[in-house]
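Q: Swiss-Prot feature annotations, pasted as is:
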ACT_SITE  Cys128  active site, acyl-thioester intermediate
BINDING   Ser11, Gly12, Asn13, Ile14, Ser159, Ala160, Gly161, Pro162, Gly163, Thr164, Arg165, Ala166, Asn167, Asn287  NAD(+) binding site
Amino acid sequence: MDKVKVAIIGSGNIGTDLMMKTLRSSSLEMAVLVGVDPRSDGLARAERLGIATTSGGLDHFVTTPEFEDVAIVFDATSAAAHERHASILAQLNKQVVDLTPAAVGPYVIPTVNMDRVVGEPNVNMVTCGGQATVPIVAAISGVTPVHYAEIVASIASRSAGPGTRANIDEFTETTALALESVGGATQGKAIIVLNPAEPPLIMRDTVLCLCDEADETEIEAAVERMVASVAEFVPGYRLKQKVQFQRYTRNSPLRLPEQEADFTGLQVSVFLEVEGAAHYLPAYAGNLDIMTSAALRTAERMTELDAIRGK
């Protein structure tokens, strides 16, 4: 089967890492890298690899001969930029995989809902924190109702480029919504920390869920199965320690300032780390790896299901 040609908009950290992964794909062909900064390392690297490039942004890319041959467009720019890109690409009948928090299309978490939404013309990969934590919330909510899910994603400051920094507010909003709509939590909250420590620290994620009483061994098994599923395409994704449990009873409830009633039930805490494959940035940048690996897996699944718009 012929490979499907793809283009990536955004020549920063995420776009360049995705480019390096796409070059390894058995079903996708890296056709064009699109940027706006002619001095960017991503564009220079693409040129050295013999990949077509443009520093004229999407506006110039759509006028080039290569555009017609591209079936899937990855957008690795910013939420604000994607709002405009989505409209242009929709009019031109291109399949879009959005790696920004813009969330124009439905959220995609490969291990949770990928096959249900890959047929949509524009799909959203949530955020790096969402890709790491929503699967865990979904695993727990598959065992017992999750009333509240809170996640903290800590990433190395050095791994966060201009696009990521511009998206901080959208990161928290989009991740929280995905915890609810895909993860199954009644209420979600997300926090991101850009850790400036040197040497840079590996990506760490904490997931805290308040849920109904349930069998702890069943929850732990569900979490471990989900971790194994994610690790199939993100090998550096793993549990940092065993799943932690704490029970709150009527005699010792958990007082929540934002809730009218005290919480009684089970608190589940899951601690994760994500080591990158170092295809572009070093292994500490697991936040890049999980985002780009999820996007690549989604696009490859589109080719498997022949669910590419305009084909």
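FYI, residue positions are counted from 1 along the chain as it appears here.
Positions of Cβ are set from backbone N, Cα and C atoms, glycine also.
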Q: Counting only residues 6+ away in sequence within the same chain, which have a CB under 8 Å from the CB of Ser11 (NAD(+) binding site)?
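A: Leu33, Val34, Gly35, Val36, Asp37, Ser40, Asp41, Gly42, Leu43, Ala46, Thr53 - these are the non-local Cβ neighbours of Ser11 (NAD(+) binding site), listed in sequence order.
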Q: Take the C-alpha atoms of Gly161 (NAD(+) binding site) and the residue listed as 'active site, acyl-thioester intermediate' and report the distance between them in angstrom, rounded.
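A: Computed Cα spacing between Gly161 (NAD(+) binding site) and the residue listed as 'active site, acyl-thioester intermediate' is 13 Å.
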Q: Express the distance between the Cα positions of Gly163 (NAD(+) binding site) and Cys128 (active site, acyl-thioester intermediate) as a whole number of Å.
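A: Gly163 (NAD(+) binding site) to Cys128 (active site, acyl-thioester intermediate), Cα-Cα distance: 13 Å.
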Q: Considering all pairs of residues in Ser11, Gly12, Asn13, Ile14, Ser159, Ala160, Gly161, Pro162, Gly163, Thr164, Arg165, Ala166, Asn167, Asn287, annotated in the record as contacting NAD(+), what is the maximal C-alpha distance expressed in whole angstrom?
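A: If we measure all Cα pairs in Ser11, Gly12, Asn13, Ile14, Ser159, Ala160, Gly161, Pro162, Gly163, Thr164, Arg165, Ala166, Asn167, Asn287, the largest is 17 Å.
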Q: Given Arg165 (NAD(+) binding site) and the residue listed as 'active site, acyl-thioester intermediate', what distance in Å do their CA atoms have, once rounded to a whole number?
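A: Answer for this pair: 13 Å between alpha carbons.
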Q: In the three-state scheme derived from DSSP, which category covers Asn167 (NAD(+) binding site)?
A: coil
Q: To the nearest Å, how far is the Cα of Asn167 (NAD(+) binding site) from the Cα of Cys128 (active site, acyl-thioester intermediate)?
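A: One finds 12 Å between the Cα atoms of these residues.
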Q: Could you measure between Asn13 (NAD(+) binding site) and Cys128 (active site, acyl-thioester intermediate) for me? Cα positions, answer in whole angstrom.
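A: Counting only the Cα atoms, the answer is 13 Å.
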